[in-house]
Amino acid sequence: MPTVEYLNYEVVDDNGWDMYDDDVFGEASDMDLDDEDYGSLEVNEGEYILEAAEAQGYDWPFSCRAGACANCAAIVLEGDIDMDMQQILSDEEVEDKNVRLTCIGSPDADEVKIVYNAKHLDYLQNRVI
C-alpha cells in the first residue's frame, strides 16, 4: 500500500522554509505540528489522496472534486502521482513544477512526498474557487 508523506504549504510559508529544500520534511518532523499539517497516509489502491486524508478526519482544501480548479493542488517532491483527466493545470505546471490535484490523484510510487494546500502559490491563485 503506497504511503504519502505530507506537509501543509501554510506551515512551509509561515516558517519561511523552502519547500524544495531536501530537509524540509526533517524540519517539519522536528516541530510539534498537528497531524493534519504533517504526517503520512496510507492510500488504498484506486483511492485518491484527498479521500485518504478525509478518511483520517483531515479537512484538506478542495472544491470541485473533478480536476477543474486548483483548490486541492499539491507539489510532488518525491515519487509521483497519477491523475485522472484534469482541465486546469498547464503541461509546464504538471511536468516542470510537479503540481498535482489530490482530488483526482493517486500515488504512482510506493512512497510519495507532497506539500499540499499549494493553492496559495502565486501561479495557482487565479484558479482557486
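Backbone N, Cα and C atoms are what each Cβ position is placed from, and that goes for glycine too.
What Swiss-Prot annotates here:
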type	residues	note
DOMAIN	29-120	domain '2Fe-2S ferredoxin-type'
BINDING	Cys64, Cys69, Cys72, Cys103	[2Fe-2S] cluster binding site
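The structure, with features from Swiss-Prot marked on it.
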| residue | record | contacts (Cβ under 8 Å, 6+ apart) |
| --- | --- | --- |
| Cys64 | [2Fe-2S] cluster binding site | Asn71, Cys103, Ile129 |
| Cys69 | [2Fe-2S] cluster binding site | Ser63, Ile88, Arg127, Val128, Ile129 |
| Cys72 | [2Fe-2S] cluster binding site | Leu50, Trp60, Pro61, Phe62, Ser63, Leu101, Thr102, Cys103, Tyr116, Lys119 |
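Taking H, G and I as helix, E and B as strand and the rest as coil, DSSP gives the domain '2Fe-2S ferredoxin-type' (29-120) the counts 17 helix, 26 strand, 49 coil. The Cβ of Cys103 ([2Fe-2S] cluster binding site) has 25 neighbouring Cβ atoms from other residues within 10 Å, across all protein chains displayed. Those residues of the chain, other than Cys64, Cys69, Cys72, Cys103, with a C-beta within 8 angstroms of the mean position of the [2Fe-2S] cluster site C-beta atoms are Phe62, Ser63, Arg65, Ala66, Gly67, Ala68, Ala70, Asn71, Leu101, Ile104, Ile129. If you take every residue in the domain '2Fe-2S ferredoxin-type' (29-120) and average the pLDDT, you get 97.
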